Amino acid sequence: MEEVNQSVVSEFIFLGLCDSWDLQAFLLVIYVVTVLGNLIIVVTVISDPHLHSSPMYFLLGNLSFLDIWLASFATPKMIRDFLSDQKLISFRGCMAQIFFLHFVGGAEMVLLVTMAYDRYVAICKPLHYLTVMSRRTCVGLVLVSWVIGFVHSISQVAFTVNLPYCGPNEVDSFFCDLPLVIKLACLDTYCFLLLLISYTVILITGAAGGVSKALSTCSAHIMAVTLFFGPCIFIYVWPFSRFSVDKLLSVFYTIFTPLLNPLIYTLRNKEMKISMKKLRKRHVTFH
């Protein structure tokens, strides 16, 4: 006899955050500022030969690129859903959100650890800095972060997509995430704690490694690592908690962290501000 596919759920319903129009407008402004802020950093790093050839700014440009994707995988749909009574997403769309969240999130975790290592080498081994952090090394580290993010994400989705979903189909958030969707499977969720092992390992190892190296470098990176890893550890190490604070942390992790990263790394960065002024002057002169 042929096996019957038990997954009868074709779409999921988001319970969302709330129905406040003020919140919708606020999040829309935050999203636009986040994308524009990170895009300016990417363009500035690419257009300035000095910054583009610097390992630190090369990594920062890649971090901003990832932050644009992190802010964009769910926020536009969340803002659009404010206008509809039912906040629906297809099964494939839900799996796509999980994939992009963990792909970009995993890559960013590895990249933050790489940036901590970059600052460690710059301060503790300044004479060997350009040799250790050569362009080839930096490109390789960025590619490694993307590969790790992809392998981590595809392994999560490959297990999750094959679970039987018979209902209910309500996701208590504004986007699909692994712990929330696994809880809806028609099997005991504790049988699937192994699905979270790879994320937990990346979180704990990355947080420990990133913070320990960052402690010997600069306060800006400590702040960035803390803001990124803190909410992730709470959400994924305790994935089946019922605390309402999870929604707040999800908003912070997916919307506010991509906004804070460019602010943290640029407000006190003299070289970046000078390059931005040059870029603005070139743009004004061109027009």
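Keep in mind that glycine also has a Cβ here, set from the backbone N, Cα and C atoms.
Under the heading domain 'G-protein coupled receptors family 1 profile', TrEMBL lists 37-205.
Under the heading transmembrane segment, TrEMBL lists 25-45 (among others).
If you look at the transmembrane segment (57-75), the same-chain residues 6 or more away from its ends with a CB under 8 A from one of its CBs are 27, 31, 34-35, 38-39, 41-42, 45-46, 51, 97, 100-101, 104-105, 107-108, 111-112, 114-115, 118, 135, 138, 141-142, 145, 174-175, 254-255, 257-259, 261-262, 265, 271-272. The transmembrane segment annotation in TrEMBL covers 57-75 (among others).
Residues or ranges marked as transmembrane segment in TrEMBL: 95-117 (among others).
Annotated transmembrane segment per TrEMBL: 138-161 (among others), in sequence order.
Taken from TrEMBL, the feature transmembrane segment covers 181-208 (among others).
As annotated by TrEMBL, transmembrane segment applies to 220-238 (among others).
Residues or ranges marked as transmembrane segment by TrEMBL: 250-267 (among others).
Mean predicted confidence for the domain 'G-protein coupled receptors family 1 profile' (37-205): the pLDDT average there is 84.
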